[in-house]
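Q: Before anything else, here's the structure in question.
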Amino acid sequence: MPYHSVGALRRVAFVCALSCTFHAAAGEVSLQGLNSSSTHQRFIVSYKNSVGSSRATGLSAPWAEIARAVPQARGKALGLSATRRLSGGPMLLVADRKLDRVDSESLMRRLAADPAVKRVEVDILMRPLLVPNDPGVPQQWAMGATAASLNIRPAWDRSTGKGIVVAVIDTGITNHPDLAANVLPGYDFIVDPATARDGTARDANAADQGDWAAANECGPGASASNSSWHGTHVAGIVAAVGNNAVGVVGTAFNAKILPLRVLGRCGGYMSDIADAIVWASGGKVSGVPTNPNPATVINLSLGGAGTCSATLNNAIAAAVTRGSAVVVAAGNSNLDVSTSVPANCANVIAVAATTSAGAKASFSNFGKGVDIAAPGQSIVSTLNTGTTAPGNAAYAVYSGTSMAAPHVAGVVALMQSVALNPLTPATVKALLKASARPMPVACTQGCGAGLVNADGAVAAVIESTTLARNVARTGLSAALSDSLYYQVNVPAGTRSLKVTLAGGSGNADLSVRAGALPTDAAYSCRSVLPGNGDSCTLAAPAAGVYYVRLKATLGFSGVSVTAAY
């Protein structure tokens, strides 16, 4: 059956989700701001009435007493000062040193214990968000700052997809100045000459030859159609070059595109698509050279009607086993996604399309099989002017779940780029769902967990590898020669940093390094004791990020790691 493109705390008692609000007996502690940074120094205290106004001015003794909630640093107690009153009455409190999240929360709770206090919150440090200089960005509503967007601009401050390969299995790709720097050598998997139009069988040329067709050529009653350059449009959504003052910007504009051609005249066959999926993920395909750039993410903006075949299901399962997340367009028939293949295959991330208003696009498939939704209507991206054969580079607006899927594929690239340890496809899907935002317009038919949230997903990845102070990360395992990496945010004034391994079986060697990932040759501290009793201690560490490596010299499981400072 032919397939087609789918659309033109150290104190355990204080542990609390960082998005929550805690209502103390006296005052409210707003914890949302804690997640904005690893350290904090400024706090805003609101008082219930005029009593607070007199309390908040010049009373140094209460501040000294309150500051005892925070441990001393190098023998010195924390200093607090009320620096100024904000409009409306709140007081700005400034500590004499930066506090980590645990100590910040301790201080906030102690402040809120005062019966006169109404609310305590972090004075969040805000910065200009990255806005690429590509002139087409204002036309890319998905990259904006509305409730219907990807919420991507804060994410770009932390990740742009560098180092990640995204396979676009589609019609191939055309030459385009807004893509060229991010395109890797791909492959043409089309075997049928009539479909391929290039006069050859499979080869190392993923150039799009055009998928135009004459009337009735693709079946009785089929209309004539121009070449869609669908793969070029999809590739631009994933990774059009950013900050090059040209055209548009991709979701992960520093990621690399691996173009694989499987669609040509009248579509493409499942047999070719299945082989492309296997090859993209680093698997072997008979008669095809080994893929030198295995993809961490595979995008399939294609589909057909029916159930998922064993051939396609096995190819996807093999790719997922090798660590490739497979992102699939849900389909454009306004039907339950269970009717659309490969969106109904196991182990995929099925993506519905949304409008600029945040509603399900009228054409988008829906249902329980959808995992998440993303912008898919009126999406501008890279294209070509040719009506049959390739012409000049251009830009155009397309709509479809074909446009929604590559937005999610790009977000996955952002996630993998900041991951210290490669995320499994199952973890990718779980984090995408857990971080999703509610759709501005409810999707009663079923659009998965909600609207993909680029910044939330990236933040969730970073948080998943950050060791909280004195909180053990347990149940860790790794195969022989593999490594796990974590990070510790050490505040100023820290007397010592001690990282300890414990429990489990096998053997893990421990190393810690300031500012960069440890290697066998580069580290600030290293312990290679037999078993898992290793520890590393750094005296008076400078403030900053410290990276922790657990290297499996015999393989290990059930190990815990704790950072104390």
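Keep in mind that glycine also has a Cβ here, set from the backbone N, Cα and C atoms.
Automatic, uncurated: that is what TrEMBL annotation is.
According to TrEMBL, the feature active site, charge relay system maps to ASP170, HIS230, SER402. Residues or ranges marked as domain 'Peptidase S8/S53' in TrEMBL: 161-448. Annotation source TrEMBL lists domain 'Peptidase C-terminal archaeal/bacterial' at 482-551. If you look up TrEMBL, you'll see 1-24 marked as signal peptide.
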Q: Rounded to a whole number, how many Å is the Cα of SER402 (active site, charge relay system) away from the Cα of HIS230 (active site, charge relay system)?
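A: On Cα coordinates alone, these residues lie 9 Å apart.
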Q: How big is the Cα-to-Cα gap, in Å, between ASP170 (active site, charge relay system) and HIS230 (active site, charge relay system)?
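A: Cα to Cα, ASP170 (active site, charge relay system) and HIS230 (active site, charge relay system) are separated by 7 Å.
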Q: DSSP secondary structure for HIS230 (active site, charge relay system), reduced to helix/strand/coil, please.
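A: Note: HIS230 (active site, charge relay system) is helical by DSSP.
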Q: When the domain 'Peptidase C-terminal archaeal/bacterial' (482-551) is classified with DSSP, how many of its residues are helical, how many are strand and how many are coil?
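A: Its residues divide into 0 helix, 41 strand, 29 coil.
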Q: Restricting to the domain 'Peptidase S8/S53' (161-448), report the mean pLDDT as a whole number.
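A: Taking every residue in the domain 'Peptidase S8/S53' (161-448) and averaging pLDDT yields 97.
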Q: Which secondary structure state does DSSP assign to SER402 (active site, charge relay system), in the simple three-class scheme?
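A: Note: SER402 (active site, charge relay system) is helical by DSSP.
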